[in-house]
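S.K.: Pasting the feature list from Swiss-Prot:
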ACT_SITE  HIS142  active site, proton donor
BINDING   LYS35, ARG38, LYS69, PRO70, MET71, ASN72, THR73, LYS94, ARG113  substrate binding site
DISULFID  CYS54-CYS112  disulfide bond
DISULFID  CYS68-CYS123  disulfide bond
DISULFID  CYS86-CYS138  disulfide bond
DISULFID  CYS93-CYS100  disulfide bond
SIGNAL    1-25  signal peptide
Amino acid sequence: MGLEKSFLLFSLLVLVLGWVQPSLGVESRETQTQKFQRQHMDEEGHFPSSPTYCNQMMKSRGMTSGSCKPMNTFVHEPLETVQAICSQGQVTCKNGKRNCHKSSSTLRITDCRLKGSSKYPKCDYTTTDSQKHIIIACDVVHLDATV
């Protein structure tokens, strides 16, 4: 009888962890690169965007969980195009660091800005499409191994 009770408790624990663990959020398990892609890349996105694009994307990409992110930019270009910016013109970042690079050409982007009257949990954004240069921070090259 004790073994059956232990098995039942273990099964319940596994079931509860299965429900709780996903609610911890993808943000806690993602790398910086994955976070950048989630928050800023939308290669497949329609350009120009619909007026509700930002409301939909900000929510689906987890940027309205717990609070409304005030602003965000989505880039509608292949990831390889954005990664290649790291070999283009170096500029000083807003924080004073020198690991930022400016795109040599304009890219298709959508800016999302929280409307002034909007309050969590009903995050409401304005959607503005444009073609602009972007500046991204690139990590220092890391030598992982020699073989």
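Using N, Cα and C of the backbone, Cβ positions are placed for all residues, glycine too.
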S.K.: State the Cα to Cα distance, in Å, between CYS112 (disulfide bond) and CYS68 (disulfide bond), rounded to an integer.
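M.R.: That comes out at 11 Å between the alpha carbons.
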S.K.: Quick one: Cα separation, CYS123 (disulfide bond) versus CYS100 (disulfide bond), in Å?
M.R.: 30
S.K.: Nearest by CA distance to LYS69 (substrate binding site): which of the disulfide-bonded residues is it, out of CYS54, CYS86, CYS93, CYS100, CYS138?
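M.R.: Result for LYS69 (substrate binding site): the nearest of the disulfide-bonded residues is CYS54.
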S.K.: Looking only at LYS35, ARG38, LYS69, PRO70, MET71, ASN72, THR73, LYS94, ARG113, which the record lists for substrate, tell me the maximum pairwise CA distance in angstrom.
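M.R.: Value for the max Cα separation, rounded to a whole number: 22 Å.
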S.K.: Just to verify a number: CA distance, ARG113 (substrate binding site) to CYS68 (disulfide bond), in angstrom, no decimals.
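M.R.: Counting only the Cα atoms, the answer is 10 Å.
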S.K.: Give the distance between the Cα atoms of LYS35 (substrate binding site) and CYS100 (disulfide bond), rounded to the nearest whole Å.
M.R.: 17
